[in-house]
Amino acid sequence: MSVGRIRYDWHKAEIRAVYDTPLLELIYQAASVHRQFHNPKQIQVCKLISIKTGACPEDCSYCAQSSRYQTEVKPQALLDKQTVVEIAQNAKQKGVSRVCMGAAWREVRDNSQFDRVLEMVKDVTDMGLEVCCTLGMLTSEQAKKLETAGLYAYNHNLDTSSDYYSTIITTRTYGDRLNTIENVRQTNVTVCSGGILGLGESIDDRVAMLQTLATLNPHPESVPINILSQVEGTPLEDQPDVPVWDVVRMIATARIVMPTSDVRLSAGRARLSQVEQAFCFMAGANSIFSSDDNKMLTVTTPCPDYDADQEMLNLLGLEMRPPSQRPQPVVMGNS
């Protein structure tokens, strides 16, 4: 099987064969693809701002923000615009090129809160930063409003395969997620979509999720690979840790089947050592979340701080990527 070609007709068996490639050979192939399509010295550093925290009505089994579980998360109302702008300004000074605004909503509603989010998007975009939002389900009209406000990307993760999905979430369907992604794809806003490792899924579930993403034309602009952090009070609090080599395999496979996408080493990164993260970067990860306040990610896991990340990047000979230093996705035929 040749690698390094952009294609949208991946079969599960092909992706499984990539995933099962002997580890060092897999890393080598993924690194080769990465160097073909990306600057291997650059890492995009992102900042997540939880603009509305907790009290989510959904039952995602991994999430501490669900109102159905007894966790330590304290609900927080929608932040005011000035607070968000100040956080974004500080992040930009640290070298961050993308700000992701997350709200614990099931879906976006056409009300004053959405209007406030649109203002946040516009103001932070005007600072020269890429802005990504993750707000739940989205209609086509709402996607167009976000596009008009200047939104660069919309995050809506698949989480896992369509077959395993109902084991983890029952309050929205897999089809609901795909519909939101399609609504975004009808605009010039790019798609950010990935999944979570450690939910109890099989390797075939991981492969199936990647196939769903890799058969989108164009591929998602970015693909977050999250590692489950077992949050006390959630149904998945006793799940075993994901082996780091599973994370590396998933990153490498995503890099090979979606060569132009950013592969984001996302939630759960704080548990990885610098050596383990270096293997992830070798395998094709080229984006991370960083913070100066140890605030939680959307799955409520601590995020490494800017200083530690800058030290690591310096050690590895890597640098922070400026905003929008990558081409916009284009629709192509299979080659």
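Including glycine, each Cβ sits where the backbone N, Cα and C put it.
Values in this document were obtained by computation on a predicted structure and should not be read as measured data.
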Can you find which of Cys100, Cys303 Swiss-Prot lists as binding [2Fe-2S] cluster at the same site as Cys132, Cys192, Arg264? Cys100
Quick check for the class: what is the C-alpha distance, in angstrom and rounded, between Cys60 ([4Fe-4S] cluster binding site) and Cys100 ([2Fe-2S] cluster binding site)? 20
Quick note, Cys192 ([2Fe-2S] cluster binding site) and Cys56 ([4Fe-4S] cluster binding site): C-alpha atoms separated, nearest Å, by 21
Alpha-carbon spacing, Cys100 ([2Fe-2S] cluster binding site) to Cys63 ([4Fe-4S] cluster binding site), which is rounded to whole Å: 18
Write out the long-range same-chain contacts of Arg264 ([2Fe-2S] cluster binding site), meaning residues 6 or more apart in sequence whose Cβ is under 8 Å from its Cβ. Gln44, Cys46, Cys192, Gly194, Ser222, Val223, Pro224, Ile225, Ala285, Ser287, Ile288, Phe289
Give me the count of other Cβ atoms within 10 A of the Cβ belonging to Cys60 ([4Fe-4S] cluster binding site). 23
